[in-house]
Amino acid sequence: MSRFFTTGSDSESESSLSGEELVTKPVSGNYGKQPLLLSEDEEDTKRVVRSAKDKRFEELTNLIRTIRNAMKIRDVTKCLEEFELLGKAYGKAKSIVDKEGVPRFYVRILADLEDYLNELWEDKEGKKKMNKNNAKALSTLRQKIRKYNRDFESHITNYKQNPEQSADEDAEKNEEDSEGSSDEDEDDDGVSGTAFLKKKPDSSGESRKFHKKMEDDDEDSEDSEDEEWDTSSTSSDSDSEEEEGKQTVLASKFLKKAPTTEEDKKAAEKKREDKAKKKHDRKSKRMDEEEEDNEGGEWERVRGGVPLVKEKPKMFAKGTEITHAVVIKKLNEILQVRGKKGTDRATQIELLQLLVQIASENNLGVGVIVKIKFNIIASLYDYNPNLATYMKPEMWQMCLDCINELMDTLVAHSNIFVGENILEESENLHNFDQPLRVRGCILTLVERMDEEFTKIMQNTDPHSQEYVEHLKDEAQVCAIIERVQRYLEEKGTTEEICQIYLRRILHTYYKFDYKAHQRQLTPPEGSSKSEQDQAENEGEDSAVLMERLCKYIYAKDRTDRIRTCAILCHIYHHALHSRWYQARDLMLMSHLQDNIQHADPPVQILYNRTMVQLGICAFRQGLTKDAHNALLDIQSSGRAKELLGQGLLLRSLQERNQEQEKVERRRQVPFHLHINLELLECVYLVSAMLLEIPYMAAHESDARRRMISKQFHHQLRVGERQPLLGPPESMREHVVAASKAMKMGDWKTCHSFIINEKMNGKVWDLFPEADKVRTMLVRKIQEESLRTYLFTYSSVYDSISMETLSDMFELDLPTVHSIISKMIINEELMASLDQPTQTVVMHRTEPTAQQNLALQLAEKLGSLVENNERVFDHKQGTYGGYFRDQKDGYRKNEGYMRRGGYRQQQSQTAY
């Protein structure tokens, strides 16, 4: 017996020494008994040795199979290890690849692996769940595959452009190789490498093609079983066994019987023709089926195992008498599994709805129905266990409908009393002779509904149509709150009424009442009778409503939080409707600014929003100083967006962990409540400009002048640093350019920078009364430019006519007279008014520019001398021997003892 049957061929022994191929698993049994299985004719057959191409390609395909298995289980570490081995194996097969070309299956795995890694990289949630090794391997492998694929860029591009064609070519090549290997000596290469790679299903109709491929494989296997042992099917059978990952005995793998007679050759040729014909028939049949499927429409993905007809769950056994006790018992059974792990919340809601239907069909009374509906609404709220997750649209609509149905029932049956203080043991659900008592709190349901609505608005893209659709639901929310308010006014306690009033206030305070505003602009005499009747039918104005609700809370509330929120909302509403003095007085009388730092964050956000609205209201009234003071704290911090609850800053995100960030995001106000930050900053900067520019001109020579607004000075310094100044584009650049013009007393240029088309679109048109605001701004710019002009050029004039000033700044003469008189009274301008000639006579008491410089130099020299003397005393051992209150101590030769600064007392001689 030849040693070949036990040791294998020479080429195989060499490849096994290299350690690069997979080690074959020995089959149970002794190799020595293997020849007994062979016939006498097969002992003389020609031994066929596998080529180097087959061995190299088999090694590549085995590694590819391992990589794909690792991809399925998301084992990136294994993918990295096998990819490195794959690169080494490809390098050893380089000589074969240079002759044959890059195999398609190799290009496919490179493209698929790169796409797979990109998907993992983009999946942020999946990356967080990865362990440390997989995350590190993902980063490393992604870099390696991107670098490695540069050499195969053209091949990968061709494959991605037509992946189906490449897959068909592989299949055809596989068939040709498997058929060619059955001949006697026609092809020495034997099996093609593509035979070891599974065909990748197409993106469309995956399941259909997969089943058809399995049917083809079954038919091929049946054909091979019908063939005799002495035909060329040995090679194809071994190929199929290798594709299935089964290692066979080397002796049986490489044995092959060669046809010896012409009859055998003809029989083999005939069988090959029959096999090719069968394959052609199957292929044509498959194409016909695909055409029929395509005519029927696209394939639809369905969930396996889900029945098409979903049966309703059975609540009670057949023949069970439906009574109050049975229904309550079933309700308790459903509620017992509530919140447990593995509970289907949607099914629980369906069971409760079915229970309501059963109770109504059996006329069990409204008491049972009300109790079940309370639990349905509570189950809807508990559908999402995560606090940050908001309700789905269908669940939200179901919740609104359930609350409306519950309110209809409670309003229609006045004998039903609900409350949290009612114990379950003392409930009365079926005794209609007495008032029905049900445990539950309608106020809690409405508050939770309001919170869910806020959560929906927080998690919806504010610039999408979906946000607008959700915002339309606020009308239903407000209607439900109003119904509950009327219900609680009749049957609720004082605390409950205060809470529902606050909910009504929170949905009213930020809305501008345009109808009431129009009625204020139009006098009653000018409106027709129909318009007056329509105004009466519309109900009370928002101002009257806010006054009534807030006053009740002021008088009845016992908690500081509800009263504080009501006061802030009332102030906000006053400021929004330009009632400055009412808003200011209410803020000052409440003393909220003294202890607001002790309030919880949502109340602090409401306080900040109220102060901002108060400042904007003062600006609209022309009170620039009050506006600046109200906005100073918010704008000077540089965190206006965060303080107003309109977003989180990137720099602050690094200071808090993930849980704190989630809590902060839940505190954000919805987008429709936002205050325009650009408008806010513009109001602040313009107010600062109107205050700061005249002050800078009046104290130009004062080295110790204070800054009114640091942010405004910062913007001025930024503008001065620009090497090339073009026309202003942003809002800040417009304000800086206007400030420079106001410094020169050029009010027209300042006006053109503040009020133009660009600034109107960004800021001024956003005000309810935009024309009034623009008129006020022009007036303020003229007045402050006049003050700046007098401060800057007072040293130039001996006297100046007020008529000239009136013409220069287009102000009427009484206004100019009033401004100059105030400046003289406040000792800002050293001048006097000559009434007969209507002129301003300058007194020249202020130093000139040269004198100011000399005074500054003298002051600096004096401070330098004092510092030098103090240093000298310190070196001589004097400790604090010179004090600021001891003026001219050295100049008058008053002695100082060198003992800690104790002044020597001169002895007085008595005469």
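Glycine residues also receive a Cβ, built from the backbone N, Cα and C atoms like all the rest.
Note that the structure is a prediction, hence the values are computed from the model and not measured.
Pulled from Swiss-Prot:
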COMPBIAS  8-21  compositional bias 'Low complexity'
MOD_RES   Lys99  N6-acetyllysine
COMPBIAS  155-165  compositional bias 'Polar residues'
COMPBIAS  166-190  compositional bias 'Acidic residues'
COMPBIAS  199-208  compositional bias 'Basic and acidic residues'
COMPBIAS  216-230  compositional bias 'Acidic residues'
COMPBIAS  259-276  compositional bias 'Basic and acidic residues'
COMPBIAS  520-529  compositional bias 'Polar residues'
MOD_RES   Thr522  phosphothreonine
MOD_RES   Lys641  N6-acetyllysine
DOMAIN    671-847  domain 'PCI'
COMPBIAS  884-897  compositional bias 'Basic and acidic residues'
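Features recorded in Swiss-Prot, as mapped to the structure shown.
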| residue | record | Cβ neighbours (10 Å) |
| --- | --- | --- |
| Lys99 | N6-acetyllysine | 8 |
| Thr522 | phosphothreonine | 12 |
| Lys641 | N6-acetyllysine | 15 |
Inter-residue Cα distance where the pair is the residue listed as 'phosphothreonine' and Lys99 (N6-acetyllysine), in Å: 93
Mean of the pLDDT scores, which run from 0 to 100, over the domain 'PCI' (671-847): 88
Secondary structure content of the compositional bias 'Polar residues' (155-165), with strand meaning DSSP E or B: 10 helix, 0 strand, 1 coil
Spatial separation of Thr522 (phosphothreonine) from Lys641 (N6-acetyllysine) - C-alpha basis, Å: 38
Secondary structure at Lys641 (N6-acetyllysine), reduced by DSSP to three states: helix
